[in-house]
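S.K.: The following block contains the structure, expressed as structure tokens.
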């Protein structure tokens with residue numbers, strides 16, 4: 001920690017002038033001290049000047065704290081906002097796009113899906129268990145704040161090389177933290193993705209996603225109205241944990257990151273469970289005007305956002321805030337990131353009703369202020385005004401940067417025959433399914449409760465997207481998280497496109513209709529033009545894919561400064577996709593059935609650039625990544641989904657990391673049933689055909705191949721019969737074979753061996 | 001069947017249990033908050049899974065001291081039927097209604113996976129739809145499911161035929177590999193001497209619908225429905 005953020009500083013020495021209890025202005029800091037603290041809190045000199053201009057005087061300590069967290073990268077999106085505007089956010093089914101706690105889409109039957117993904121990267125590196133756990137807690141609150149009952153958690157994880165220093169401990173802590181929180185709170189963890197790459201050695205990524213269900217006409221938002229309406233604090237007590245967490249998340253790491261441990265919060269999933277039940281119970285009444293969780297920057301951002309969005313003012317009396325520790329200052333209370341807390345504005349006269357519900361659930365409840373018409377946030381504590389800031393300029397004058405960008409140079413396209421296979425097809429397959437990026441994730445998901453609530457139709461590993469049914473309805477949601485960072489670093493625009501397309505594809509492969517995404521943009525230091533260029537190009541690619549696939553962005557989160565000692569992570573725009581299927585019984589999985597014909601949908605050139613085969617078998621990370629033809633993507637996917645919903649497809653798996661043969665192997669490993677494969681009809685070398693990562697492809701297991709092929713031809717969709725399922729091995733056309741049991745053994749062994757034993 | 005599911009702060013599998021009971025009875029069970037009184041005329045009280053009181057102190061220990069537990073003990077004394085699953089099993093043990101203890105899993109990790117169990121005691125209100133020796137699958141999801149009791153207690157349970165379910169492989173063979181949480185003598189579930197209280201760690205209530213992957217757990221709820229068919 002560079003600044004003495006957790007110390008009470010000069011407030012203790014300040015005399016409390018009782019005569020000026022109601023009118024006293026905040027006590028300005030000494031100007032030189034204020035400028036020095038501003039820098040320590042992460043405000044740039046010009047940002048601090050702007051703060052002085054807004055106030056017309058030197059800020060108090062509390063005011064300086066409010067400005068620094070509200071204008072942190074984490075809260076203000078100051079480097080990313082100009083680019084994020086390019087993303088399409090509208091569709092007839094979008095109820096709430098970006099800007100609220102979470103996005104909301106209509107899914108039929110008068111229901112809405114509410115979802116968002118958010119990063120907890122820096123905390124998870126500093127303290128893996130609690131960093132990951134509170135990441136889950138925070139995203140759950142973003143969703144139930146809007147009136148939704150959370151029905152599923154997913155995550156997108158990026159770790160360093162498994163043998164990198166501390167990495168095993170980080171993997172173990174993150175997995176335990178995600179499980180520890182989600183399992184206790186009773187929301188099933190149903191899906192996710194994991195990659196390993198040395199670029200994450202000092203900066204792993206933990207992106208957590210929650211999906212909830214609400215009635216479409218009962219969505220709650222943060223915009224508060226009604227002068228005099230009570231501002232109510234509920235949940236856990238406020239302590240000194242997490243002060244300046246948002247600032248910490250907006251800076252690069254250095255070797256002293258260990259000293260930042262006090263900025264990581266401690267989660268209490270039990271309190272969160274009670275908070276969910278109490279909030280949903282209160283939401284069923286008419287008591288709530290507005291509600292906002294206290295996430296990053298705690299009481300500051302929730303207070304500012306609720307009053308600011310409603311065009312109101314707010315006055316808070318911190319003496320009434322439930323406190324866990326003695327002697328907390330206004331500065332500490334305003335910046336604390338203690339977990340499991342919510343702020344709400346109630347209709348007048350509903351306090352007793354609300355208090356009874358929170359008392360029933362054994363949670364704190366306190367009226368800590370009221371709305372005003374002053375357009376200012378006024379903070380009082382012990383008879384002293386500690387802060388008095390106009391709200392409008394806090395938002396309108398917030399820094400906004402169009403930082404310089406530099407394009408990533410295009411990489412040359414690697415011809416299918418450019419790199420020879422150093423081994424046999426069978427050996428390459430056996431090694432690929434055992435690599436960290438392709439091996440079984442069982443060791444991880446065996447620690448996550450994926451079934452609680454009794455509505456999980458497709459569990460982890462069962463289908464390309466998780467399927468969770470909606471209680472008392474036939475309808476189900478399909479959910480996935482996707483990104484291929486090695487593509488993004490090689491070509492940020494194509495990589496951004498691919499991340500969106502893959503999420504769309506994974507939902508499509510279950511038979512569900514993809515509806516919308518949340519994005520979690522993880523990048524390095526935006527002050528470096530190359531990094532900002534990665535961001536801008538990724539957004540460009542994502543926007544193109546979102547438009548072509550009718551798959552708008554409804555919520556998201558940006559995490560910048562993911563660098564340690566100047567080394568950036570791979571650019572990782574993780575996509576969380578949500579789709580709907582009208583009848584959960586129509587959803588299909590990826591497991592190979594007996595006696596089915598295998599149909600490949602899509603074109604295969606044998607694209608080896610940036611493929612896992614190239615990296616993990618040939619030992620080279622190079623070339624342009626596979627391009628995504630969005631028109632073909634749309635055409636192929638719509639065809640596949642229609643065939644699934646017509647009942648013509650027994651199983652479906654998209655071709656992704658590792659290429660076609662890995663896809664078939666994954667289908668086989670899911671059930672233990674093998675297949676006999678036809679000789680590839682291709683000009684490409686055999687290994688490029690089997691391991692190339694051409695996009696927009698699916699493998700379908702069907703019982704009427706002629707029918708599907710005829711329909712594909714009529715629809716202009718490339719389709720070919722590539723084999724027939726059965727037996728216990730994958731058998732090539734010339735008789736070479738590899739047993740499914742051997743593939744499974746290799747696939748299952750990797751993570752337990754890395755992590756030292758079975759779950 | 002008049003069934004009630006008790007909800008403690010932190011209970012989280014009450015909705016799963018509701019689905020399972022509704023599937024066999026066609027109607028919603030009563031959901032009882034732990035501060036309420038147990039109504040008269042109930043056939044079955046269910047303590048569902050979850051993390052009552054966050055598993056703080058010791059799994060089930062605080063819920064066992066909750067006001068409603070006095071009513072539940074009276075209900076037990078009068079011969080009422082009680083089912084405790086997962087955290088519910090832990091609470092029954094902490095309340096002294098079943099013997100033994102549930103320790104941290106031998107692997108020291110949370111276990112979320114399907115297991116197989118063999119029915120050791122058929123013919124009870126909880127197991128009448130199964131034959132003795134039948135093997136069924138059920139998901140488990142717990143961090144503290146490692147059943148423990150002293151040898152005398154284990155001998156008594158076995159001697160009085162009060163072991164309801166044992167972890168086995170899918171063929172019904174008792175193996176160490178099938179005993180993922182490390183339970184004494186592979187015990188997954190036990191019965192009270194009057195056969196009216198049953199506690200087990202795995203979740204039959206999560207496998208009652210082909211859509212969710214199978215109906216292996218359904219016989220438990222059908223057994224209960226049969227028992228209280230007239231009610």
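Glycine is no exception: its Cβ is also placed from the backbone N, Cα and C atoms.
Unlike curated entries, TrEMBL annotations are predicted automatically.
Below are the features listed in TrEMBL for this protein:
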ACT_SITE  B:86  active site, nucleophile
ACT_SITE  B:203  active site
ACT_SITE  B:205  active site
S.K.: For residue B:205 (active site), what is the secondary structure state per DSSP, taken as helix, strand or coil?
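M.R.: Helix, per DSSP.
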S.K.: Cβ within less than 8 Å of a chain A Cβ is the test here; which of the active-site residues B:86, B:203, B:205 meet it?
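M.R.: Contact set vs A: B:203, B:205.
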S.K.: Rounded to an integer, what is the Cα-Cα distance in Å between residue B:203 (active site) and residue B:86 (active site, nucleophile)?
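M.R.: The Cα atom of residue B:203 (active site) is 7 Å away from the Cα atom of residue B:86 (active site, nucleophile).
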S.K.: When you measure from the Cβ of residue B:205 (active site), how many other Cβ atoms are you left with inside 10 Å?
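M.R.: Total other Cβ atoms inside 10 Å, all chains included: 30.
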S.K.: Could you measure between the residue listed as 'active site, nucleophile' and residue B:205 (active site) for me? Cα positions, answer in whole angstrom.
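M.R.: That separation, Cα to Cα, works out to 11 Å.
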S.K.: Quick one: what's DSSP say for residue B:86 (active site, nucleophile), helix, strand or coil?
M.R.: coil
